[in-house]
Structures are given as structure tokens and as C-alpha cells.
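Student: Just dropping this structure here.
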Amino acid sequence: MAVEEVGDDYTKDGTVDLRGNRVRRSQRGCWKACSFVVVYEVFERMAYYGISSNLVIYMTTILHQGTVKSSNNVTNWVGTSWLTPILGAYVADAHLGRYITFVIASLIYLSGMALLTLSVSLPQLKPPKCSTANVEDCQKASVLQLAVFFGALYTLAIGTGGTKPNISTIGADQFDEFDPKEKIHKHSFFNWWMFSIFFGTFFATTVLVYVQDNVGWGLGYGLSTLGLAFSIFIFLLGTPLYRHKLPMGSPFTKMARVIVASLIKARAPMSYGSTRLHELPSSEYASKGAFPIHSTPSLRFLNRASLKTGPTNKWSLCTITEVEETKQMLKMIPVIFVTFVPSMMLAQIMTLFIKQGTTLDRRLTSNFSIPPASLLGFTTFSMLVCIVIYDRFFVKLTRRFTGNPRGITLLQRMGIGMVLHIIIMIIASITERYRLKVADEHGLNHQMAVPIPLSIFLLLPQYVLMGLADAFIEIAKLEFFYDQAPESMKSLGTSYTTTSMAVGNFMSSFILSSVSQITKNQGRGWILNNLNESRLDKYYMFFAVLNLVNFLLFLVVIRFYEYRADVTDSAEHKEPKMIDSNNE
């Protein structure tokens, strides 16, 4: 592909500084710029998970909400936090650019965190303490108290909508896709990006959670707020080193134009001659650090949008490149659907897994008890270890057999994570059945204040394996939707990942409420406030079956998926036939 030469030291991907001037790779970008972004992510994730990891415990013990209500409030909030990035991606791609959108959203994020810290610190904003273990007998929070608390939470969620889809994209933008050396570094970026995320998460789920449970919620949340403020300061400190990509218009408008134009010309005779299809000169793309995309036979109906016939306004005539960009975003939609169920698994470790831990013996010594949410630290640690092993050893080993620079394809990596999810839920079901058996043997079925004589580390296998599964599926999701999105729609591609997480959390809330109500009406409820009277073992086995069905659907989807054939190495390597016969 011919790219206009402007000097070997200038980037060739269209990146600029904040004033719109072209930048030199020796002065901006690469790991020297990414280091600020990575450090930001460590402290921001520490702040976010310092709030979310223990949120179900706060809602239960301080706001006096039941198991189903507190779990659903957590997953609904988490789902909203993952859904708002669609708006953030739109604003960044269509109007303000990633950097400005990110900075504005960070200020909203910080204000939400500060208000939340006040909410958990001031006695007037919390209901009175309750001595009984049964939350049904405790005084509920007032409307004002709930309004302040949830208002702060959802202000925070709006702020993350502008930070989540843009910060990882800003990091990836620091590597020039047209430079061979920088392109190699970009392949490892997402692994180390996730490493930074889970390093911050590990601190949150160990130190901050302990502070919240044993020192005070106000101090615990206050440290999270300070961590976020420090992360924003670090990010701004790296401003002189960042490369930026200019807004290229709303991806939603571009996709809508292609669909409308193809419908307008639905009855027009189709011709694939180069003179019949509209496209801009290659030089016009090269001047913007972009490139044209050749027409492909997939989703053939949309090709009519670039057919030179009838009206020639922007809603009736699109370029071949615009058509192909729209195709690629639409082709990823089936993949999003099969990631909803895996996203539901993360909702379980943030809610029901933690609630299980409250029923077990948490003492490590006579003077020290481990907070239930701290087991999330083992999930994080296992993921950190797995990422290093995967990047340093697994990729090099499998590359010898597959010839793929990533070792295995991104969809194969997702598939391994999905298989692990099935195994995890089977183990969780067996473990829960054993926990209920011991509770019954000791006559604790109707007790909530007395811990079952089993160590909380009984739950360790399901936490550790969840970290292993996330190292495969969560990193693969993030990299897949970024890699497969067209250059002009990278933020929207990243928001596909957050959309998957959002829908997964909302689905978790719906299923939890539905199963709880249905099983109550039929006799013994599966999810009650007293977990010793519940049947979480059946609920977890239901999830195992759900994951199995989803995995089979996943195999069908990837069988027909076609990887985009520009820029990335995906198009240069063939997918092994045992899983996916398409090229990557």
C-alpha cells in the first residue's frame, strides 16, 4: 500500500498533536507515552474496583438490602457503567476526539467518586446500624439517602462512559500501524494493558477491601477517590508525549448512510465493475494517514450503496470504503451476542460468590479475618500470572505450529475461556452442594449469624479458575473488537467490548430475579437472603448448562466469521480447521 512519504521520522497513520500538527515518532508515542497511560490504568482500576468489589457487602450490611435486591443493584450499576461507553465513543469519534472526551469524562468521574465518599462517610446519609443478621428486621435507607448514594454511583457511571472506550484506544494510538517495529509492540500492548488493569484490581480487592471491612467505609472509599485523582494527574502529565487521531465523523451516521443508500437502490441492477462503484482517489486517503478498502462479496446487498446510479447526495451514494467499514462493524454483531453469557460470569464473582464467602469461616488467625471480597484478589493474581505465561511462553510455542504471530487466533482464545467457564460453574455447583451438606449436618440451615465450619478457601478453586478464564476471553474480546474495527471506528469497536459487559450484567439481573421468583413460587427458592436455605448449587448448574449451549452457538458463529483483510496480520494467516476455517 502506497503511503505518502513525508520523512522517515514522521508517523504515517495520521496522528497529530493537540494543535493538529503531524508528529515525529522519536518525540511522541510508543512505550514512553504508553507508560503514563498504563500507570493511569493501574490507579483508576484500583479506584473503580475499590468501590465495586465490595459494593454488594455495603448494600447488604449498611443499606440493609436482601441478597437478590443487592445483587441486582450491583449488576444494574455495573451494566450501566459498561453501557455508557457507547455514548463516550460517539462523542470522541464524531466531535471532541479521544483526549478531550477523556479529560471531561474524568472530571465527571471524579465528582461522582467524591460524592460517593461523602455518602458513605456522613451518618446522616446512612440508615441506623442494625444488630440482627436478618436484613428484613432492619430499618431501611430513606429516599434521600438512597438518592444521594445511587446518584453518586450513576454519576460515576456516566464518567466512566467517557474514559473506558477512549483510554485503551489512546494507548493503542501510540503505535504506528504502518511502522513494522511499532506494529510488533502493538501486538503485546493489550496483554500488558490488561496486566495493568488487574494489578490495580489486585490492590483494591486486598488492601482497600480490608480497610472498608475493618477500618471504615469512609476511609476505604476516600482512598479510592484519591487514587482516581492521582491517576488523572499522571495521565495529564504525559500530555506532551501523546499522539492523537482527529475525529473522523460519527460512525453511527456513516453506517446509517450506507444502509439507507443500499435500501434506496434495492432494485437497481448490480454491477461490480470498478467504474460503476464510487470511491475516492487513494491519494486523498493517504493524505489523512488512511487507506481505501477494496470491495468484498460478504453482505453483498450493502454494495449497492456505492453504486453510481440515481441521486448522488451523501445519503444515496457512499464510497466502497464506507460500505466495507459498515460491513465489518455489522459482521461483529453475532460475535457480541455469544459473549453476553461469558460476561454474566463476571457478575457472579462480584455478587453471589462474595455472598457465599460471608457464610464461611474467614479467620486466618485469632486476630485476623479475610474479607469475603478479598478472594477476588486470587482471581486477579491468577490472571496476572497467566498473562505473563501466555505472552512470554504460550504465544512463542504455539506460533511454531500455527504460523500466527499471536500463537492462536483471537476467537480460539475466546473459545478456551468459554470452556473454562463451563468447568468453573460445575465446580462451583459441587462446592456449594458440599457447603449446604455441612450446614445441614451442623444444624445451621436456619442460621445466618453463625459461620459454617468450613474455611472460606473452599471457594478458592472457582476464583482462581475464573482468573485463568478471563486471561483468555476478556483480553481476546478487547483485542478482537479493537483489531477488527475499521480505523475510523476504533472507539466504537472498543465500545463493543463494554456493550458485551453491560448486557451480560443486565442479563444476570434479569435471570437472578426470574429464577428467584419462579423457584419461590414452586416451593424452595434457589436464591434467598439466607444462603443456607437456598439452592445455589442448582443455580450454578443452570449456568453451566447455559454456558455449554452458548459455546455450541459460538462454534457456529466463528465458523462463518470472516476476518477483516486490511492492516492487521489477521488476514495473513489461516485459522486451523479444527475450530475455524476462516483466515486470520
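Glycine residues also receive a Cβ, built from the backbone N, Cα and C atoms like all the rest.
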Student: TrEMBL lists transmembrane segment for one of the ranges 52-77, 260-285, 494-519; which is that range?
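Tutor: Checked against TrEMBL: transmembrane segment maps to 494-519.
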Student: Sort out the residues at least 6 away from either end of the transmembrane segment (332-353), same chain, that have Cβ-Cβ distances under 8 Å to it, and list them.
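Tutor: Same-chain contacts beyond the ends: 52-53, 55-56, 70-71, 74-75, 78, 375-376, 379, 411, 414, 417-418, 421, 424-425, 428, 459, 462-463, 466, 469-470, 473-474, 477, 480-481, 484-485, 493, 496, 499-501, 503-505, 507-509, 511, 527, 536, 539, 543, 546-547, 550, 553-554, 557-558, 561.
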Student: Taking the transmembrane segment (539-561) as the first stretch and the transmembrane segment (410-430) as the second, find out whether 3 or more Cβ pairs fall under 8 Å, excluding pairs closer than 6 in sequence.
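Tutor: As far as Cβ distances go (cut-off 8 Å, pairs 6 or more apart), the transmembrane segment (539-561) and the transmembrane segment (410-430) touch.
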Student: How about the transmembrane segment (190-211) and the transmembrane segment (99-122): at least 3 CB pairs under 8 Å, pairs 6 or more apart in sequence, or not?
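Tutor: They do not touch: fewer than three Cβ pairs between the two stretches lie under 8 Å.
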